[in-house]
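Q: When I checked TrEMBL for this same protein, it listed these features:
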type	residues	note
DOMAIN	2-419	domain 'Amino acid permease/ SLC12A'
TRANSMEM	6-29	transmembrane segment
TRANSMEM	50-76	transmembrane segment
TRANSMEM	88-110	transmembrane segment
TRANSMEM	117-137	transmembrane segment
TRANSMEM	157-182	transmembrane segment
TRANSMEM	203-225	transmembrane segment
TRANSMEM	245-268	transmembrane segment
TRANSMEM	294-317	transmembrane segment
TRANSMEM	323-346	transmembrane segment
TRANSMEM	367-385	transmembrane segment
TRANSMEM	391-411	transmembrane segment
């Protein structure tokens, strides 16, 4: 519904994602930390904030996993032979494959992720090259001449007005989920002073090329309304080329991308839950490791959440994707908000002489910090206009708050015991 304006939405969200990464980069150079940003919430905001940050980060990844198994099921229906197979069957199959690989050990995870990542990058590069050649040659595609007239002839830049583009912001925010891993991974290297700025600053041109560039190219190659929900736009483009099986090849690629995201999410959540358990914020049993150093308790707990996603694919197959995407967006917004607030508290500590200055600072802070927080709050407001799923998701925030408060009363004694005997964990 947003039409060509989707490119602008990606650009705006990409800029704020970059600000969030710069905020995280400042925190990482203040104190390199392995794992997630939760340790910064503990340092600057206290144990309650670290507890909330950890569980909201888990919500993000857990819901993202359900989005991924749903995406796998939808992509499988691209082939007519599977059209009558229930959606939940493919969701369960994807869960079984990736769950088994994660339980075996890190070696299998790394092997799968290497090939998944390679296929994704090659596919996007292939699209950019082939699409640019088509656009430059002026050859018609699916009976339409390519070019800017496809925008003007099909309702213009905002074919349905501004509101659909604004509401779509939360979906685009979801597309940038896990971008914070760039900063934390760079912080674990041997030379963070060099690697963190290099890794983070390279993100902005990747967003411009792979996200904004791809959307612009897509709307210049085919009318925006030629792309349909439930099918990857890359599959739509390649299927219009008339080359036998090329659409199927690209569908395999997007299936691979969904499995890659599911693989990474399950790997991350198992370790997030173990880390939280060791800090007292999650049940003690979730810290258990197998003899192959796999946090199997955390992975099994996450798989339990994913099984709920399989049931949702059985009960409400046409709605499950939107429902869990909205809930995942809550986790993303909360996680990013904690990063920015921690960066602001770091700046305050530096100003008061309680922390040393860092060489890699967020540009324009504190103005850009406040602007980023305003953007994140605006996304929540816009979600409320996405009726019914977005509206109900925002309405569920008080319930989520009650669950977090109840959970805190259940773990606070253990949290205080752990951190009173090991105060260095605050660092």
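A Cβ is built for glycine as well, from the same backbone N, Cα and C atoms used for every other residue.
Bear in mind that the values here come from a model prediction, so they are computed numbers and not experimental data.
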Q: Ranking 6-29, 50-76, 117-137, 323-346, 367-385 by Cβ pairs under 8 Å to the transmembrane segment (294-317), which is first?
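A: Ranking 6-29, 50-76, 117-137, 323-346, 367-385 by Cβ pairs under 8 Å to the transmembrane segment (294-317) puts 50-76 first.
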Q: Return the stretch with the most CB pairs under 8 A relative to the transmembrane segment (117-137), choosing among 6-29, 50-76, 157-182, 245-268, 367-385.
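A: The listed stretch sharing the most Cβ pairs with the transmembrane segment (117-137) is 245-268.
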Q: For the transmembrane segment (6-29) against the transmembrane segment (391-411), do we get 3 or more Cβ-Cβ pairs below 8 Å once near-sequence pairs (under 6 apart) are dropped?
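A: Checked: the transmembrane segment (6-29) vs the transmembrane segment (391-411), no contact.
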Q: If you count Cβ pairs under 8 Å, which stretch among 50-76, 157-182, 245-268, 367-385, 391-411 touches the transmembrane segment (203-225) the most?
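A: Stretch with maximum Cβ contacts: 157-182.
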Q: Three or more CB pairs closer than 8 Å, sequence separation of 6 or more: does that hold for the transmembrane segment (245-268) against the transmembrane segment (50-76)?
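A: They are in contact.
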Q: Determine which residues of the chain contact the transmembrane segment (50-76) at the Cβ level, with the cut-off under 8 Å and only residues 6 or more beyond its ends counted.
A: 36-39, 41-42, 82, 85, 87-95, 174, 177-178, 230-232, 251, 254-255, 258-259, 261-262, 265-266, 268-269, 272-273, 275-276, 279, 281-282, 302, 305-306, 308-310, 312-313, 317, 320-321, 324-325, 327-328, 330-332, 334-335, 338, 404, 407-408, 411, 415
Q: The transmembrane segment (367-385): which same-chain residues, six or more beyond its ends, come within Cβ distance under 8 Å?
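A: Hits for the transmembrane segment (367-385): 16, 19-20, 23, 163, 166-167, 169-170, 173, 326, 329-330, 333, 336-337, 340-341, 343-344, 347, 391, 393-394.
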Q: In this predicted model, what is the average pLDDT of the domain 'Amino acid permease/ SLC12A' (2-419)?
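A: On average, pLDDT over the domain 'Amino acid permease/ SLC12A' (2-419) sits at 87.
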